[in-house]
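**Q** Annotation source Swiss-Prot lists ATP binding site at Lys12, Ser167, Asp168, Thr209, Gly210, Gly211, Met212, Lys213, Thr214, Lys215, citing sequence analysis. What Swiss-Prot lists as substrate binding site is Ser52, Asp135, Asn147. The domain 'PUA' annotation in Swiss-Prot covers 274-348.
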Amino acid sequence: MNKLNWRRIVLKVGSALIAPDQDGCRSRYILTIAQFIVRCRARGIEVILVSSGSVAAGAHLFPSDTARSVVMKKAMAAAGQTEMIAMWDRFFDFPSAQLLLTHGDLRDHERYQSIRETVFTLLEHGVLPIINENDAVTTDDLKVGDNDNLSAMVAAAADADALLIFSDVDGLYDKNPNLHDDAILLPEIKSIDDSIYAMAGCATSAVGTGGMKTKIEAAEKATSHGISTYIINGFKEETFTRLLAGENPGTIFLPYEKPMQDSVHWMTHTANEQGEVVVDGSFDKSLEGETGCIRGDEIMAVHGEFAIGDTILVRSEDGTRLAKATANYSSCLLSFIADNEQSEFSEKMQDSIGPVISEKHIALLEKS
């Protein structure tokens, strides 16, 4: 990064920075981050904050020998969230707003658009959005699971220029620096593949739920949307000075030269498939043809229940995941079409309503 030319950024702050001793919020490291936010805003940069730490912040409000069951963690999150927001708010002389999200909010397209509109409106009026996963109410099927991936989804939804993930390490190393003295910090990653994930190892924070692997997953989500992604050390004051000077103090993951379109990115990285269709071997040729669509005679089977507009998985007969797509038909109607693809009624219905899957509503998945 040669110069600071951000228009809008997302900052992800982990639990270890919020509550380093797991005993409530501490301002030791947060003050420096708050100052960085103030300075960014002074330069005309819009900031969105994704802040972990509600469980760690609320833990001290309960007896120290309390077993951390799932229900107790939810209670700690509920109590700690108010404490954490109050801590952030006291550092600023401008308003902030709390948004608590679940994966269900993000994977539902209508709610996803609502989140975008809310964030844009807050930014337009100079309000700092502070976002966290709603750990107090979320269930396993609605969890993002970590705020690294949540921050990438938020960055994509907000059309951010950069995602800054503040960690307890300087960036991505070629091997674990805690085990290898000769580990080398990698300042720039041009593309993410299996070799990059192999460098992540399996380390996780003692306070939070994420590790280097989830940060790379977040970088993959963000860079595919054209968002530069940084993994940097949030415990060092010099990190923020160098960022404001236009330097790279950690590891930068470069964005795709040709980012995914918004709808394709949402289907690929955020939406959960509600069902699936099995297609025959003509799938690739159909997409390469003039119409770029999938018709009923190419559907071999339909699994699950889904409605028009739901995201579905497209797979081959051997189980290969080929694509995600928006369903133009309900599962019930699509099953009828698949079973009666040669019927005159089926053909007329597709001529009237459209193909089973159209090119503009499909996101191809990489074949492994």
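Start at 1 and count along the chain as shown; that gives each residue its number.
In case you wondered, yes, glycine gets a Cβ from its N, Cα and C as well.
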**Q** For Asp135 (substrate binding site), which DSSP three-state class applies?
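**A** Coil, per DSSP.
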**Q** Per DSSP, Lys12 (ATP binding site) is which: helix, strand or coil?
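**A** In the DSSP reduction, Lys12 (ATP binding site) maps to strand.
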**Q** Can you give me the Cα-Cα distance between Thr214 (ATP binding site) and Ser52 (substrate binding site) in Å, rounded to a whole number?
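**A** So the Cα of Ser52 (substrate binding site) lies 14 Å away from that of Thr214 (ATP binding site).
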**Q** I'd like to know which of these binding-site residues, Ser52, Thr214, is least surrounded, judged by other CB atoms within 10 A.
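**A** Among the binding-site residues Ser52, Thr214, the lowest count of other Cβ atoms within 10 Å belongs to Thr214.
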**Q** Return only the integer: C-alpha distance in Å from Met212 (ATP binding site) to Ser52 (substrate binding site).
**A** 16
**Q** Could you give the Cα-Cα distance between Lys12 (ATP binding site) and Asn147 (substrate binding site), in whole Å?
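**A** Cα to Cα, Lys12 (ATP binding site) and Asn147 (substrate binding site) are separated by 7 Å.
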**Q** Please report the distance from the Cα of Asn147 (substrate binding site) to the Cα of Asp168 (ATP binding site), rounded to the nearest angstrom.
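**A** The separation of the Cα atoms works out to 15 Å.
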**Q** I need the CA-to-CA distance for Asp168 (ATP binding site) versus Ser52 (substrate binding site), whole Å please.
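**A** Between the alpha carbons of Asp168 (ATP binding site) and Ser52 (substrate binding site) there are 14 Å.
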**Q** Quick one: what's DSSP say for Thr214 (ATP binding site), helix, strand or coil?
**A** helix
**Q** Pick the one among the binding-site residues Asp135, Asn147 whose Cβ has the fewest other Cβ atoms within 10 Å in this structure.
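**A** Relative to the other binding-site residues in Asp135, Asn147, Asp135 has the fewest Cβ atoms within 10 Å.
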**Q** Determine the Cβ neighbour count for Asp168 (ATP binding site): the number of other Cβ atoms within 10 Å of its Cβ.
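**A** Around Asp168 (ATP binding site), other Cβ atoms within 10 Å: 17.
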**Q** Quick check on the binding-site residues: of Lys12, Met212, whose CB has the lowest count of neighbouring CB atoms inside 10 Å?
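**A** Comparing Cβ neighbour counts within 10 Å for the binding-site residues Lys12, Met212 gives Met212.
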**Q** Hey, what's the widest CA-to-CA gap across Ser52, Asp135, Asn147, the substrate contacts in the record, in Å?
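**A** Pairwise Cα check on Ser52, Asp135, Asn147 gives a maximum of 11 Å.
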**Q** Averaging the per-residue pLDDT over the domain 'PUA' (274-348), what integer do you get?
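**A** Over the domain 'PUA' (274-348), the predicted model scores a mean pLDDT of 80.
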